[in-house]
Each structure stands twice: as structure tokens, then as C-alpha cells.
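Novice: Okay, here's the structure, questions in a sec.
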Amino acid sequence: MQTEHVILLNAQGVPTGTLEKYAAHTADTLLHLAFSSWLFNAKGQLLVTRRALSKKAWPGVWTNSVCGHPQLGESNEDAVIRRCRYELGVEITPPESIYPDFRYRATDPSGIVENEVCPVFAARTTSALQINDDEVMDYQWCDLADVLHGIDATPWAFSPWMVMQAANSEARKLLSAFAQHN
């Protein structure tokens, strides 16, 4: 895969430039654009993934299905599709917006900061998974209610962005409705 960049943003969310993805994620990460997606299978189960140990931020942590960064000139929806193919080897239905104004800042145990405007999407898988081990070290298909209960009971076991997304009542309601609509 070619070198990825992040789109830097000002405080109002207006693009101000780009920076190479790995150079962008430091202890002083600038605000940038990202996306987060929750994928469901035909049974309505959520794909929960465990980040590869080689990941710069939050290695080995359980998280929602796939996250990434749109490239310059690429829509968020196209970025979701691209990363699903790259990380999971899977085709998906058109991504649907779940939490369009999600924004967060979090610091992982090594000091790496995520500082993102990060719209959240949901989609369904339409093919079998072909996991990229450089991105994902493990995965599970789970009932959404069980995952949400797990997040509520043990938030430390999941990525901070997944916990924050699940804490939003409107996003939680939309994810539940999406999971039930087969």
C-alpha cells in the first residue's frame, strides 16, 4: 500500500494541509481527519477486531471493526471501503453515517496521542474476511448488546474511541437499529 497521509485540520475542522501518517502520530499529534466504522454481518453481529502489536498507537487493543484516515480528495465513505479491503479483505455495503460529529483526543500508554475529527459509520460485510495480519491480530463476531455491555463493564479493555462512541446515546441507538435491520 502506498504511503498514507492525514489531512490536518484547524480548530473549526477546516483542512490546513497534510502530513505523513506515521509522522503525524506523536506525543503532540495535530488535529486531523479520520473515520471509524462498525461492521455487521448478515446475522447482525458486530465485527470486533484486536489491533496488531505492530500498530503505533494502542497495539493489541480490542476495538470496533476498522478505522483510518481519508486521503486528500477521497470521501469518508470511499476511505471506509478502501480500509475495509486493506485491513479485512472484505467488501461492504455503502457506509451509513452513525455519528458524524465525533471528535476526540486520547493518549495511549506509550504517550502517542490521537487527536481526531472522526465521523463514525456502519456497514454490512458482503464477502468473507481475509484478515491482514499487519493490521489485525484477532477478531470476533459478537452480538452488539454483549459488546456494549462489555464496554460499560470494562472500558479499559477497548480502544478509547470505541468507548467514547458507544457512550453517545444517539450513536448507540443508531448502531442497535442498524444491527437489527438485516
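Counting starts with 1 at the first residue shown.
For all residues, glycine too, the Cβ spot is worked out from N, Cα and C.
When I checked Swiss-Prot for this same protein, it listed these features:
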- Cys67: active site (ACT_SITE)
- Glu116: active site (ACT_SITE)
- His25, His32, His69, Glu114, Glu116: Mn(2+) binding site (BINDING)
- Glu87: Mg(2+) binding site (BINDING)
- 30-164: domain 'Nudix hydrolase' (DOMAIN)
Novice: Taking the Cβ of Glu114 (Mn(2+) binding site) as reference, which residues of that chain separated by at least 6 in sequence fall under 8 Å from it?
Specialist: His25, Thr29, Ala34, Ala57, Tyr104, Arg105, Ala106, Thr107, Asp108, Pro160, Trp161
Novice: Out of Cys67, Glu87, Glu116, point to the one nearest His32 (Mn(2+) binding site) in space (Cα versus Cα); all of them are recorded positions in the record.
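Specialist: With Cα distances computed to His32 (Mn(2+) binding site), the winner among Cys67, Glu87, Glu116 is Glu116.
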Novice: Need the DSSP three-state call for His69 (Mn(2+) binding site) to compare against my parser.
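Specialist: For His69 (Mn(2+) binding site) - judged by DSSP and reduced to three states - the answer is coil.
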Novice: In sequence order, which residues at least six apart in the same chain have a CB under 8 Å from the CB of the residue listed as 'Mg(2+) binding site'?
Specialist: Thr49, Val66, Gly68, Ile131, Asn132, Glu135, Val136
Novice: Reported as an integer number of Å, what is the Cα distance between His69 (Mn(2+) binding site) and Glu116 (active site)?
Specialist: 10
Novice: 10 Å Cβ neighbour count around His32 (Mn(2+) binding site)?
Specialist: 25
Novice: Looking only at the domain 'Nudix hydrolase' (30-164), what are its DSSP counts of helix, strand and coil residues?
Specialist: 31 helix, 48 strand, 56 coil
